[in-house]
Structures are given as structure tokens and as C-alpha cells.
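Data block below; observations after.
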Amino acid sequence: MAARKGRSRTCETGEPMEAETCDPGTEGPSQVYLPGRGPPLSEGEELVMDEEAYVLYHRAQTGAPCLSFDIVRDHLGDNRTELPLSLYLCAGTQAESAQSNRLMMLRMHNLHGTRPSPSEGSDDDEEDEDEEDEEEQKPQLELAMVPHYGGINRVRVSWLGEEPVAGVWSEKGQVEVFALRRLLQVVDDPQALAIFLRDEQARIKPIFSFAGHMGEGFALDWSPRVPGRLLTGDCQKNVHLWTPTEGGSWNVDQRPFVGHTRSVEDLQWSPTEDTVFASCSADASIRIWDIRAAPGKACMLTTATAHDGDVNVISWSRREPFLLSGGDDGALKVWDLRQFKSGSPVATFKQHMAPVTSVEWHPQDSGVFAASGADNQITQWDLAVERDPESGETETDPGLAALPQQLLFVHQGETDLKELHWHPQCPGVLISTALSGFTVFRTISV
């Protein structure tokens, strides 16, 4: 296996179970546990998280689960690797009743690594110091919430100059834009947060709302090149373009982009061209569009059968002309946009045993991406990893030999995974949301 220097190929599980049942007298040769591929766990067996496989690992819950979230870029600097970490998220809940939902700003801080500082000796003074250190290293969470009627399907954050905003798709069939500056301010100040929660949160309203879609939707993306330009797609197959206007408002083109025949599942603006975007749909297709053309004629390229079933998610690489897709068929596919007319992906990976729910390219490493699935797996991949046939290397475990060479890491331990994002300012840090809550982690592989 030829791998990049310093990169481990890991198939450890991150299942955070409490204990492992093991009979030393019957212990046989160790094997790597492969979810969905090997024999099921025996009665009394449990998976144990291998903390040595993680540089960072933290979990958080917010009450009602969140179907979607986005990372809010901050002013703490780029390429942050020094621990403890701080980060900001904007998320929306899926509560049991429509009136119980919230749009939330989360500040997670004091996030230490998994490797504790070594301590020697066991006298009382050192034990007291260890207890104090443990208390000081507890992760912290501040939460500012505003009421939102209706479950939130998707949240995407953008900066309009110095103003952070969130685009919010909800089950009530509206897309709203919320200003986030006040929420960001109060999660940094406990006293201001208390005043906000007591006196202000109920008064926070969207700065703009669009009810022109014919129903609810999930697809939403801010342009990375034109501040304020927005795309929204619904379950009725329509995509609308939002153009910012003076005074902090938007002009939404009532003419939808025509092409898909079923629900539009995801949208991605090109990172290099102002007017080009990609879409994927439950009609199994991926389409490339150019907004300079009339909406009825804007579809320039189509792969009609990109997956065997719904195409759920796409991610457009910021560094290479690649589009990544994940579908109900559990497949991950990499498309070279220079060869998109061929209708064939340049790579296909079938590790997930259930629909893929989220995909995203690493913001700094051009060949690395992550995916989550309804099989409760998060997988990390590197296109640059391949076996060197001249090296003579072979996998000692037959289960590992059957794995894709590019698979770096399999993380487990979540329930009903919905979305993941790499932190753009903290290399290698992944955040996911699931029914079981939020997880922030970094593996030894990326």
C-alpha cells in the first residue's frame, strides 16, 4: 500500500461504547471489525472506541435533533491546529411539534484532544491536581436560540461583507434569511446571552422571506464568488435564483430552472465560475447549468442516470474540476467535469450499505473527502492512495484486502446521520449531526 507520508490507513471504529466483553482464555487472533461486511457481533460483545485513532473527539446535544447545520467562519484565524479548539455552528432543529423548533447559534470551545497529559505518581496532591486539570479540560457549549415555526430542513451560512447571514429552508415551504450578528455576539458573552434569552430572542425575525416555491425543499447554496447570490430548490423539481439588491433584500426570479422531473435534492455553485451551478435530483440525474441563459434553456450538461435511484447530495471541489455525488444506492461517485459529457464517473466507491446522506471535499487537501450514510458510518477517503504493485505489499487481514484502497477511516457511534462538514479553518476537523447529536472529531488519518 503506497500512501502519503504520515498518513495512516485506518479502519478502526469510533463506537463510544462503555466496555468490551472479552474472555482471555478464548482469545484468538485479532481481526479488524468491518461494519456490514463481517460476521455480526456475538452476544455480550461490544465495540470499544479506540482513542488512539482520534486526535480530537467530542459530542454535544441540543435537545431536539438537527437535520442540518453549517459552520460559521470566524475571526480566530486559519489553519488552527493548536488545542483546545473553538468553533461556531448555526443549526436548525426538527422538533416533535412545529412551534417547538429553533434556529440556533452554537459556540463550542475548550475542545481538548483525546490524549491526556501524562501524570506520574499517585499521592494526594497529584490526584487533586489531576481532578483540577480534568475540570479545566471539560468542553464548553454556549447556545443562542430563536423561535422558528416549522422544522428546519437545511441551513447554509454566508458572509455579506461583514454581516453573517443564514439561509433557512423549512418544512412550511418558505426560504428565509436570518441575520446572525447578534447571535454571534451573545454566545461570546455569558451576561449578554442571559439578557438575550430573557428579552430578545422572541423578537428575532427573518430579514427576508420567499414563499414562491410550491412546497418544501432541501436544496440551498450561497455563491462562493458573488456575495448574496443564492439558489434554492424544492421537492416539486423547481430551482429559483436569488439576486441581492440594495438595502439588504433579494430579487427572486419567479421563473424556475426547468430540467429535473422529480425533487431537487442538492445544489452546488461552481467555485471558479460566477454563473455556473450543479444540481442533483431524485430523478437520478446530475445537471450543470449556466444562469446567463434563460431558465428554460439554462441546462448545459446532463448525466441522466448518475446513480441507481435518487441522487441525494453533491459537492464541488474547490481545488480540482471534480464533482462528488452520493445516492440512495449507497454509492459514492467522482465526476471529472472535463469529461462530464461521457456520462461515466472517474471513480465509484461502494462502502456504504444504505443511502448516502452527506458528502464534502476537504477544503485544503484536493484528493480527500468525507461521506456519511444512513448505515451510521462516516467514511474518509483519499483519491491519491493506491497500492504499489511493485512493492509486494499485501494485506494480512483478508477483510482489509477487500476494502477500497482509497478508504482511510470508518467512524461509527452515531444514530441516523444526516450531515457533515469539514471545518474550513481547522484542518482535518469534521463535524456531523445525527439523531444522537453533534460530533466534533479529527482522526489520525487526515
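Including glycine, each Cβ sits where the backbone N, Cα and C put it.
As annotated by Swiss-Prot, compositional bias 'Acidic residues' applies to 121-136. Among the features that Swiss-Prot reports, phosphothreonine is placed at Thr10. The feature phosphoserine is assigned by Swiss-Prot to Ser119, Ser122, Ser344, with similarity to another entry given as support. Annotated region 'Disordered' per Swiss-Prot: 1-29, 111-141, in sequence order. If you look up Swiss-Prot, you'll see 212-252 marked as repeat 'WD 1'. Summarising the annotation, Swiss-Prot assigns repeat 'WD 2' to 259-299. Among the features that Swiss-Prot reports, repeat 'WD 3' is placed at 306-345. If you look up Swiss-Prot, you'll see 351-391 marked as repeat 'WD 4'. Here Swiss-Prot flags 412-445 as repeat 'WD 5'.
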Which of 212-252, 306-345, 412-445 contacts the repeat 'WD 2' (259-299) most, counting Cβ pairs under 8 Å: 212-252
Taken over the repeat 'WD 3' (306-345), the model's mean pLDDT: 98
Tally of residues which DSSP labels helix, strand or coil - the repeat 'WD 5' (412-445): 0 helix, 18 strand, 16 coil
